[in-house]
Amino acid sequence: MADPDVLTEVPAALKRLAKYVIRGFYGIEHALALDILIRNPCVKEEDMLELLKFDRKQLRSVLNNLKGDKFIKCRMRVETAADGKTTRHNYYFINYRTLVNVVKYKLDHMRRRIETDERDSTNRASFKCPVCSSTFTDLEANQLFDPMTGTFRCTFCQTEVEEDESAMPKKDARTLLARFNEQIEPIYALLRETEDVNLAYEILEPEPTEIPALKQSKDRAATAAGAAGLAGGHHREAWTTKGPSYEDLYTQNVVINMDDQEDLHRASLEGKSAKERPIWLRESTVQGAYNSEEMKEGGIDIDSFQEHEEGHAGPDDNEEVMRALLIHEKKTPSAPAGSVGAAAPVTAANGSDSESETSESDDDSPPRVATVAAHHGEEDEEDDEFEEVADDPVVMVAGRPFSYSEVSQKPELVAQMTPEEKEAYIAMGQRMFEDLFE
């Protein structure tokens, strides 16, 4: 059962007290903001903006001043919208118990300040030296009086002192406290009337409530927007009924018509002439090393050779190069031993293997073409021979050919080499080492 002395409604005296104080000591903006909080227990900041038509920065400045003076309190609540987005809102309300205590404190502070000013004005110095600016009170007049001249002189510089007009008590200094009590009497009466008022907790800490005026205006706006939407068709949106929702801001409808794009692309291609294919795409660069006469002498049909080359150029571009290398490697073992032995000193003397390889390839070009045409079906065997030659190169020892692996296993063969053969052997080992790590 509730206590009969606890009030569940704010007394009219407390409301009048709040109005008197806010209108007597604050501006019109503060008075308007507090009037809304007097009529409505707890108001959201957005609703106050809607009612007062203030700028948000201006309203917050006013509310912060009132909150700093303990006239109002603020409560922040996190709310979840229909779309799942959480927002924070500030709710303001008046705690009347704190309001009464603040008013009592400020009035008492003002009364003490007036009494202090009145007391200081009666005890201030009344004489001042124009030279050294020393001040003296009425109680020091016996020290200032000079009986020889009958004047008041400064005790420091012996200059005649003057009355300090700025230190003279004001005419209304003694009546200021009386005037203050007379003007603040209505507030004192309201404070005495609300001295023993005990308010319930739901009045001191109210819950947020909806303002009827705003609710009616929103309902009317929603009804008008719905009627306008029906009159204008379904394509018109009722903006007032849609809250701060962001789900429709990024909705985009994109339609892609591929037929139109293909027609435009085809038309653009028809207007442009086809670019000429480069020579390395139209024909093999290796084929240029052979001429038609050499191919005829070797018994090769030029047309069939070209058809064969064109048929193999697409699937594998490296096939022609590999075939030429295989033919070259096959030709090397069939060469006379004398020619091979003569080639080694020349290679060592020139210090370059690329020149000897180039000369051999130039000398063997016609037989190579014939071999290509005659041995299309023996490529596997040639691959095996190429691997054997590549894996085990030939080294000359005293004019006789030996495999590189055999010379490496028998050091006595190295001792039988001539200086030129030894240099060729060392160079071949270096090349094999470099090829191994490339």
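Just so you know, glycine gets a Cβ as well, placed from its N, Cα and C.
Looking at 71-99, 129-157, 390-418, the range annotated in Swiss-Prot as zinc finger turns out to be 129-157.
Across the structure, Lys67 (N6-acetyllysine) and Cys129 (Zn(2+) binding site) are spaced 50 Å apart at their Cα atoms.
Residue counts for the zinc finger (129-157) under DSSP (helix as H, G, I; strand as E, B; rest coil) come to 7 helix, 7 strand, 15 coil.
For Cys157 (Zn(2+) binding site), the same-chain residues lying six or more positions away in sequence with a CB closer than 8 A to its CB are Cys129, Val131, Cys132. Of all Cβ atoms in the shown protein chains, 12 besides its own fall within 10 Å of the Cβ of Cys132 (Zn(2+) binding site).
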